[in-house]
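Asks: Right, I'll just put the structure down here and ask away after.
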């Protein structure tokens, strides 16, 4: 039995003694111990593909901060890599795929990876982390969204314009839907395998959904998020594994996401939580949404923004703070001060106490 199940209870909108907190990219380059591990390992991929290293990095922030969850150390591009697109990282530039998708013929050759062979290192990491956590806090598994993964698979890496995938959306939408359906199958299998290996909550990162127009979002992102929420087996009762759909720029679609079948919606800092709570109409829990740049402020300013965020959620949720998981609106960045993270966690724990 979990010693700290605040996250899972909040995701079910049950009563908690205070608002739970975890942070996207809580294991990352802002921590000196992460930088030391990265230097010792020699590459990001070695860390991500070695279960013992992935476990160590997952646990690093838990040793520093009294967080309410661990999140698997990995990368959303492990699925495309396992599909044969050859993931590698270029220093200062980020991820690159050596064999990007350029036409329909390449899509027909894609297959859903076998999770216990091509992605066994991920599942072994999940099993090892669960063992090391010893039921102290829940472990979150994750995947990129179909749209976000397709962006990388077609562009070959990060992009400012996403011209190739947008051209495909306009000129060959059937081809893009074929890719998105295959990727959705892979995401569902991947999340199910993480759950079977021991993940106790799951999150989908729709990082690039916000680059789409409303019509395009409702065509190329939302239907596939909904399919994941409705088709991913998550169990019942005490064996239930809640799902969070997080997206940058998803504010206009919260009402629709709330009806997708997910347990929670994660939002960025470009919408007030009060508005998000009203739009979700009590159908889902909400996760977020402090602007990550707040952590560049003083501890007093951080505490002030924590209070404002907590109050904003309650104002849109009938005065109640239940059903809220405190998080940033996006991930931690390398230049952040770990002491300010401590101040953030302390402020959330103190100010959200029921």
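Cβ from N, Cα, C; glycine included.
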Asks: In Swiss-Prot, the substrate site includes 25, 26, 27, 28, 29, 44, 75, 152, 330. Which of 108, 117, 207, 294 does it also list there?
Replies: 207
Asks: List nothing but the one residue from 25, 29 whose Cβ has the fewest other Cβ atoms within 10 Å; the candidates are the binding-site residues.
Replies: 29
Asks: Test of understanding: give the count of other CB atoms lying within 10 angstroms of the CB of residue 207 (substrate binding site).
Replies: 22
